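A.B. asks: As annotated by TrEMBL, transmembrane segment applies to 94-112, 124-146, 183-203, 250-268, 280-302, 314-336, 356-374, 386-410, 430-451, 517-535, 550-570.
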Amino acid sequence: MAVPQYGIPEGPRPAGAVPPAPVLDAGVTELRVHGVGGSTPAALLRDLAPQQVGGDRVAGFYRTADLKPDGDGAPRQVEGYAWGGMTSRSGTRVLWLLLLPFLLANLAGWMYRGEPSGARYACHRVVTNLACLALTVNTVLVAIMLGPNLITYQAPRAGLAHGQFWLWPLSWTWVAGHGERPLVIGYATVVLAILVLIGLAVLTQRRYESVEPPWRVDAGSTKSRRSAADTRLTDREFWNSALAVRRMTWAHLSAAGGFLAVVFAVTARAASAQAPRGLGWWWVAVLGGGLALAVSVVVVAADRWLGAVDPGSVVLRVFNRLLAPVAVVCATVFALHQPEVSRAAGSLPGLDTIVAATYAALGACVLLMILTGLPAKNRGGPGPVVVMLLAIGLLNALLLGLLFTFGHALGGLHADAAPAPTVLNVPIPIGWAGPLLTLTLFAGLLVWVLTQAIRATFFMRDPRDAETDFAGYRAQQPVDRDGPDKEWYVTAEREQPWRRRLTWLYRFGELRSAVPALLWLIVGFQLAAVVWTIIAQPPVPDAWFSPNGALGKVTVFAGDAVLLGVMWLLRNGWRDPARRRLIGVLWDVGTFWPRSFHPFAPPCYAERAVPDLQRRIWRLNDHGTRVVLVGHSQGAILSTVALLPRGCRALHGKIALVTFGNPDTWLYSWAFPGWFNPAALAHVFSSGANQSCVTEWRNFWYPTDPIGAAVSVAGDTVHDTRLRDPRTAWYIYGDPAPAAGGHSGYWTDGRVWDEVDQVAKRLCADGQTGVP
């Protein structure tokens, strides 16, 4: 049977494939916004053939047939905003997992726990920006340790490059035996990695961060130069920071290129077996690269005060975009002038000192973050430092694991103070850091799982409201207790397995408070391991714990296996709704925030989603349509923040907000209190003269929902409703016992949608009484 499209089951149909024109002039429009995981428009609207009425295939608005009035109700249009294409619908986006350390670094900046203003917050912005820049330089450093150092310097010297098909460029006649030309190839691979970052940054900025918030025609469109971190969620310009992100992007790229040029020039001169030639090129490379790096440090540190600077300034363009490439070219020319390369044992000459200095600078940035976040009133707190340390540990665990994997593929690594020229060698601290960072990551996860299992089994009391709900189930009767099925009804409340399962779900909802303990365990283990390695500097026993030993190999390849396994899980998780929700919740939280602190984090989908919602609501209000905005999970967050800026609303109209499975208070207000707090959320109800207003906000949550919870708003203006889950313990004999809906049960819960109907009736009644 053919599926009727566009809600036209009978009667005249549009000619050919021309869809009917959407009617915007209606009493009430219910606008649904789904949560994490990329729900399809058909699933969101429960319609096999919804009509697209706005947006594109990545993120668009879809409409289904109008809901007919029930009794004294009013008909309403039903639309859905399907934004999942920006985060999860494409399988290739699984590669964004490689940017996870940068995502965590960006989150660290947004986790400031005080008021985001004043001198203390300015210090937080400066030191966090510097730590993020140091993380970018750290990435380039490990790439240099892998490409130029391990593959193109140590492997040919040790005689391990022969027979490796993937190293065939090193055997070219114009490369092998021709001075430092192999080094040029090694550094070219690092340049290629930086070019990939450039392409990724430009592509994602054009696709996600080019959508401006709506503005009034008389005011005109303005591209804000300020960073989003210097505004509030109530500011119209919060989701309009493309220019600031672009400024930070070029600063990071310039720092990466400048650092690469300096390291290239220094190591090329140190690796020359004869007196260096072409020193003029060397001086230009060192001074140019150093200047590019210094300017980048200034631009990143002063980002808070650079909003008034024209991004098209010739000075900025020269220093941010031209100086570093010129310095890299000069370093390349200098290296090509050297007739013979040194065959000294160990790492590339001069590199070990640069490695120590770079990690010392990274540690100094973290120390500054600790000082600015010391426990005191209105200070940052430990959250940003912990997450930044987690980002640093994860980045180095992944990249050093990759370094050791290539080392094993070439014939094995050693970590000796006085290595032989015929072996591949890494500094002793690096030799310990690779396996230790991987082991401590697993150790933190294992200890956390064990402690939480013990806590939930032996020490956690049943939530106080669990017994209240069970008492309610006992007092409840079937809906049709006097009907023909009265003898068929049985209650699950008397079944111990059902009670135990439900009690565990209540406990699981309480375990979300243990997330900070997981972060502390991982960071604590990794920090202790690093400090022990630096202070003690123990010799690496080759037979036990070195990268060449058994345990070292196991940990390195375990890290690689975990990375590939997580990528596979994400790739397949997008096809499984249950796994998708579990995986997507933290990922969508991480990519919710603008890339104000680290521009190489995965793109911010909210930079487009929030203006899309604001523009759609504005247009519906302009047509005289009242809007019931219904948001679930992350969609509840998008719906809420879309209503915070007063300058992004129509001149007249009514809006009602309904949220469920809302992580607003327990997650966002806990992790990002500077932006999500009761006072800020109260701006949902604020409206100026000649401006549409929010009439009510209703929030629903289950005690079995590990993500959604009650919402705290100043003035107690939210109608917060806790719902028993499942709704009833009665069921027909032979059918499965009622199951808890958890985080996704709201869509099929009649109690929620009965209330949505009532909200629509109240909005319609306002229209009948002449309220605009």
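Cβ from N, Cα, C; glycine included.
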A.B. asks: Against the transmembrane segment (386-410), which of these stretches has the most C-beta pairs under 8 Å: 94-112, 183-203, 356-374, 517-535?
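C.D. replies: Selected stretch: 94-112, with the most Cβ pairs under 8 Å.
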A.B. asks: What else in the chain is close to the transmembrane segment (314-336), if you only count residues 6 or more beyond its ends and a Cβ gap under 8 Å?
C.D. replies: 179-181, 183-184, 187, 191, 247, 250-251, 253-258, 260-262, 264-265, 268-269, 276, 278-279, 281-282, 284-289, 291-292, 295-296, 299
A.B. asks: Any residues 6+ beyond the ends of the transmembrane segment (94-112) with a Cβ under 8 Å from its own?
C.D. replies: 121, 124-125, 128-129, 131-132, 135-136, 229, 369, 380-381, 383-385, 387-388, 390-392, 394-395, 398, 563, 566-567, 570-571, 574, 590-591, 593, 595-598, 600-602, 671-672, 674-675
